[in-house]
Amino acid sequence: MAEKTKPVAEGLDTDRLMHELGQFRRFHLLSYFLLSLPAFAAAHYAINYVFLAADVPYRCVVPECEAANSTEYNPSWLASALPPGGREKRCFSRAPLDDQLPCQDGGFAEELRSCDQWLYASKNTIVSEFNLACQEWKRTLVGTIHNIGMLVSLPILGYISDRWGRKRALILSCTLVGAIGSLKAFSISYEMYVIVEFLETVAGASAFPAAYILTIELLGQDKRVLTTAFLGIVLVLGGLSFALLAKTFQYWRTFILVVYPPSLLFLSYIYLLPESIRWLLSQNRKEEAVEIIMRAAKMNNVTLSEETLSQLKTEKIIPTDEKKDPEAEDGLWIQIMHSPIIMTRLAICSWWWITCTFVFYGLAINSVSLAGDKYTNYMLVVSVEVIAVVTNALVLDRIGRKRTLLAAYVVCGISCVAITFVPKSMSWMATSLYLIGKIAITQAFSGIYMYTSELFPTHARHSLLGFCSMVGRLGSIIAPQMPLLAIYVDWLPSVLFGATALIAGGLMMTTPETLNTRLPDTIREAEHITAAPSKPPATSQQQKDVATSRC
């Protein structure tokens, strides 16, 4: 019987190849720049409903006292016509005792009546445009619909990425979000707006995960933390740009037409951006991989080693009469379900993602409700994320992934729970705990991207990362409803944020450390991360790489 031939990618140490190509030279720097632009753009789409669907001041129109088209928001008689405080002030009014105009201060009955017309202080958001007064659930539903779209998008684009390539998934996601998102500016009803919001998110939610996977697969194992820090900083810059543009173009239709159409330019990546070398090798598409490798070596002005050149040039022919490995013929999810280790890891990672999206987006949505200018508050909350990104860059490669993420979850959990015990008179302490919690969950969110990608094999990495992110969107679907919950039990959202973070920290104790390990290419390699002392025999080159990494 003929001897089985190994896949092409199996004979090549991709981490060593990346080191030989030079990770901070012309080819790589150009790729980093091209991949940073989708991440920067994604920050403008991810949570823009906090401004586009923001609440605006409004009041009942009192028809006996003013014309239907009146624009005077605070007439002298208004205090007597409206009940004091909360929802009642916005949704109910009192009838005047005398039908003669003008109405007088104090000349109103005590009995309340519901309103059917409202006057808005601002026309900048969809609340006034589509007359959503006293329908808070419709306003918050926009954020939930957005995140349901993300839940649908991630497995679809993850499959496209693993089946047809990282580059195609990235270009498809980036250009579709620009085309579909622009249609929101032409919405003629609330129903049309939320439908387009859903379709836009289905199309574009995977832009950042695709850019992240491409970037991390471009680097060797010792530069993964830099990848996370780099894209984290880009997201912060994108968030600041988003807030500045939202403040400059406050009318929602204008903002959309400024922000979305430029994404159509990502079509040029068909010619500018190379495909992932690791993905091509994992798919046995050696010729395409070699073409990119040689172009990178030429651009970087480096010479590959004789051993690497020999591996790249060797033609491996699989005999036609060779019996195929039945496991290799199994579908991706069949192979995963046959691995209890990977299935358990997938469930744990999914909870981490639920926690990250629930707490991260929950705190971000609440930021625009803090005292002061909402745009400034949002920029402040985004700016403190730099602390989390820099902290991760300093500690992830020193104390490891597990301890860093464990500390982040625990600090976040304690901070959020502690907010409920702060007296109302000490608002500065509540704000401080809020920011500490936001920094901690950002640190966890930033690190979990890298940690999750290191736990799964190359040929399934984007699909499994996409699955975790998809399940995680359950958290971001619930998060926009927390302001509604706070109306009834004001302390409960903070306790829920804290409890989910503490549970995630406990689960962090059950998974392996991935510091100084190479990215697994197969399910077997991913399983053996859990048993470092009893790994399958390493090649001499792998032993040399491990020894070097420990120095």
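Positions of Cβ are set from backbone N, Cα and C atoms, glycine also.
Residues or ranges marked as compositional bias 'Polar residues' by TrEMBL: 537-551.
The domain 'Major facilitator superfamily (MFS) profile' feature in TrEMBL is assigned to 34-516.
Residues or ranges marked as region 'Disordered' in TrEMBL: 530-551.
What TrEMBL records for 27-47 (among others) is transmembrane segment.
The transmembrane segment annotation in TrEMBL covers 169-186 (among others).
Per TrEMBL, transmembrane segment is recorded for 192-213 (among others). Sequence-distant contacts of the transmembrane segment (192-213), counting only residues of its own chain at least 6 positions beyond either end whose CB sits under 8 Å from a CB of the stretch, comprise 35-36, 38-39, 41-42, 45-46, 49, 126, 130, 141-142, 145-150, 152-154, 156-158, 161, 166, 169-170, 172-174, 176-181, 183-184, 227, 231, 235, 263, 276, 449, 453, 461-462, 465-466, 469.
The list of residues near the transmembrane segment (225-245) in space but at least 6 beyond its ends in sequence, with Cβ under 8 angstroms from a Cβ of it, reads 32, 35-36, 39-44, 48, 208, 211-212, 215-216, 219, 255, 258-259, 375, 378-379, 382-383, 385-386, 388-390, 392-393, 396-397, 446-447, 449-450. The transmembrane segment feature in TrEMBL is assigned to 225-245 (among others).
If you look up TrEMBL, you'll see 251-272 (among others) marked as transmembrane segment.
Per TrEMBL, transmembrane segment is recorded for 342-363 (among others).
According to TrEMBL, the transmembrane segment annotation covers 375-396 (among others). Remote same-chain partners of the transmembrane segment (375-396), defined as residues 6 or more beyond its termini with a Cβ less than 8 Å from a stretch Cβ, comprise 50-51, 225-226, 228-229, 232-233, 235-236, 239-240, 243-244, 246-247, 363-364, 367-368, 404, 408, 435, 438-440, 442-443, 446-447, 450, 515.
Away from its own ends, the transmembrane segment (403-422) comes close to residues 352, 355, 359, 388, 392, 395-396, 429-430, 433-434, 436-437, 440-441, 443-444, 447-448, 451, 491, 494-495, 497-502, 504-505, 508-509 of its chain (Cβ-Cβ under 8 Å, at least six residues beyond either end). What TrEMBL lists as transmembrane segment is 403-422 (among others).
Here TrEMBL flags 428-452 (among others) as transmembrane segment.
Under 8 Å from some Cβ of the transmembrane segment (464-485) lie the Cβ atoms of residues 49, 136-137, 140-144, 147-148, 150-152, 154-155, 157-159, 161, 206, 209, 213, 336, 342, 346, 349-350, 352-362, 365-366, 369, 449, 452-453, 456, 492-493, 496, 500, all in the same chain and six or more residues away from its ends. For 464-485 (among others), the entry in TrEMBL reads transmembrane segment.
Under the heading transmembrane segment, TrEMBL lists 491-509 (among others). Counting only same-chain residues 6+ beyond the ends of the transmembrane segment (491-509), those with a CB under 8 A from a CB of the stretch are 348, 351-352, 354-356, 358-359, 362-363, 366, 402, 405-406, 409-410, 412-420, 437, 440-441, 444, 475, 482, 485.
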